[in-house]
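A short worksheet on the structure shown next.
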Amino acid sequence: MRGVFIAGVIAAFAITVVDSLNCTQCYTYNSTCDGQATECNEQSFSCVESSINSTLGGFLHVYQNKFCSASNCTENSTEVAFTVHLFDDQRYHFASQCCQGESCNATHSESGTQNVTDMQCMSCYGHNKTLCEEKPQKCYEGEQCVFIIAEMVNGSGRVELKGCSDISNSTCQFLSPGNTTVGEFVFKSVECTQPTEYTNSTTTIPPITNTSLTSVTRPGIKTSPASVTPQASMGTKASFTSSIFGSLLLLKLLF
């Protein structure tokens, strides 16, 4: 009988060890997010890592958030990572990973040296109701055209992206149904198409229309009514870019 009791205690201890979840936890903006994996509370079932590396507006912005999550990953490991290239050498790199049973691996790196082709996608970016002025962007080898509308989980900020992307076909299929949540982000709409032969043209498409959304600004920063033109000054450009990231970071849209 004593042997049975001891075996039961060992089994219970083993279950406790298996059920414990350790995740790296840190949050940074424009700095490195490093931290040791620590044990999560009992309500957490997954580790989540999200990051954005962007040069929209001509300024570098880096955002990272690693945390324990009460959400269950749809698979043992769900990872989405891709870069969107836009006009004027602007880019938006998005990465998010949800893991169960272990801390996420830091494998979100952008592609190295690439060869430019004579194929193109129309590119632009917009925030909430701002205009998205399309311009042609030459693509690198292996890229396809994307049209992405994404927002943070709480709906406080929305971003629209068009351009050339290294997004994989499997990721396109995973996100294309719409309203797909990955980490802190909800991909409202994702379209992937093949690029066309390069031509130099510019068009303006209507702004994002969603009357239920309200403008979100960072405390202490005044923003004028959004109107983006190619002749906008660098000051206006910086204000517009800060507005984009200000609303994104209020959650805690590459992607």
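Glycine is no exception: its Cβ is also placed from the backbone N, Cα and C atoms.
As written in Swiss-Prot, here are the features:
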DOMAIN    121-170  domain 'UPAR/Ly6'
CARBOHYD  N22  N-linked glycosylation site
CARBOHYD  N30  N-linked glycosylation site
CARBOHYD  N53  N-linked glycosylation site
CARBOHYD  N72  N-linked glycosylation site
CARBOHYD  N76  N-linked glycosylation site
CARBOHYD  N105  N-linked glycosylation site
CARBOHYD  N115  N-linked glycosylation site
CARBOHYD  N128  N-linked glycosylation site
CARBOHYD  N154  N-linked glycosylation site
CARBOHYD  N169  N-linked glycosylation site
CARBOHYD  N200  N-linked glycosylation site
CARBOHYD  N210  N-linked glycosylation site
LIPID     S233  GPI-anchor amidated serine
SIGNAL    1-20  signal peptide
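Structure coloured by features recorded in Swiss-Prot.
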{"residue": "N30", "record": "N-linked glycosylation site", "contacts (Cβ under 8 Å, 6+ apart)": "L60, H61, V62, Y63"}
{"residue": "N72", "record": "N-linked glycosylation site", "contacts (Cβ under 8 Å, 6+ apart)": "F45, S46, Q100"}
{"residue": "N115", "record": "N-linked glycosylation site", "contacts (Cβ under 8 Å, 6+ apart)": "Y140, E141"}
{"residue": "N169", "record": "N-linked glycosylation site", "contacts (Cβ under 8 Å, 6+ apart)": "C192"}
{"residue": "N200", "record": "N-linked glycosylation site", "contacts (Cβ under 8 Å, 6+ apart)": "P136"}
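Per DSSP, the secondary structure of the domain 'UPAR/Ly6' (121-170) breaks down as 2 helix, 33 strand, 15 coil. Mapped onto three states, the DSSP output places N115 (N-linked glycosylation site) in coil.
Put simply, of the glycosylation sites N22, N53, N128, the one whose Cα is nearest the Cα of N154 (N-linked glycosylation site) is N128.
Just so you know, the Cβ of N22 (N-linked glycosylation site) picks up 16 other Cβ atoms within 10 Å once every protein chain is counted. When each of the glycosylation sites N53, N128, N154 is scored by how many other Cβ atoms sit within 10 Å of its Cβ, N154 comes out lowest. Rounded to a whole number, the C-alpha distance linking N53 (N-linked glycosylation site) with N128 (N-linked glycosylation site) is 20 angstrom.
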